[in-house]
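Per Swiss-Prot, the features are as follows:
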- R90, K91, K94, D115, D116, V117, A118, T119, T120, G121, G122, S123: 5-phospho-alpha-D-ribose 1-diphosphate binding site (BINDING)
- T119, R147: orotate binding site (BINDING)
Amino acid sequence: MVMNRERLAEMLLEVGALKFGDFVLSSGKRSDYYVDIKEACTHPKVLDALTDALLEVLPDGDVLAGPELGAVPLVSVLSVKAGLPMAIVRKRKKEYGTGERIVGDVRGRKVVLVDDVATTGGSLLEALEAIEEEGGEVRDAVVVVDRQEGAEEALKERGVRLSSVLTADDLRGLRDAESTARG
């Protein structure tokens, strides 16, 4: 194992990518913590550690694909480390140029979805639909953090297994340890 879960969570906290407080998520839900993997990815050592950890849980596949914006640095570095081609799934088709929604070739390939954080699974499901429309097959998804708020179940209903490096329980455990240490 490259690095334990607790140390990864500590690294996120150290670079300001893990915050505790009162936050509104993109899903509209409120949360007592916020994970900003995009911020974490701006720190080379953290990006390296996160992608090493993702590599450990990465299932077999032909192509790695992730939705813009959060997955782009992760899928890029992971592609190099795994020696696999990558694809980026845009939120919507471009209105100019080629007009494509997916950058990279997924047609007829087994695609592993990669993302930063999974809450309800909405962005992963949107990426899944785009990949399937282009003729790709998705059976697995990997994320840095599973917030344990329905993504695993939503993906399972579509025949996709979700693996994560960290969970909400891991992050709350760190928060509780920090609170205890401060007394």
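Using the three backbone atoms N, Cα and C, a Cβ is placed for every residue, glycine included.
Worth saying up front: this structure is predicted, and the values here are computed from it rather than measured.
Overlay of Swiss-Prot annotations on the structure.
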| residue | record | DSSP (3 states) |
| --- | --- | --- |
| R90 | 5-phospho-alpha-D-ribose 1-diphosphate binding site | coil |
| D116 | 5-phospho-alpha-D-ribose 1-diphosphate binding site | strand |
| G122 | 5-phospho-alpha-D-ribose 1-diphosphate binding site | helix |
| R147 | orotate binding site | coil |
Have a look at the binding-site residues R90, D116, A118, T120, G122 and say which one has the shortest Cα distance to R147 (orotate binding site).
A118
Around T119 (orotate binding site), which residues of its chain at least 6 apart sit with Cβ under 8 Å of its Cβ?
L25, S26, S27, K29, R147, E149, G150, A151
Taking only same-chain residues 6+ apart in sequence, whose CB is under 8 Å from that of A118 (5-phospho-alpha-D-ribose 1-diphosphate binding site), what do you get?
L124, A141, V143, V145, D146, R147, A151, E152, L162, S164
Tell me which of the binding-site residues R90, R147 sits in the most Cβ-dense spot, judged by other Cβ atoms within 10 Å.
R147
Across all protein chains in the structure, which of the binding-site residues D116, T120, G122 has the highest Cβ count within 10 Å?
D116
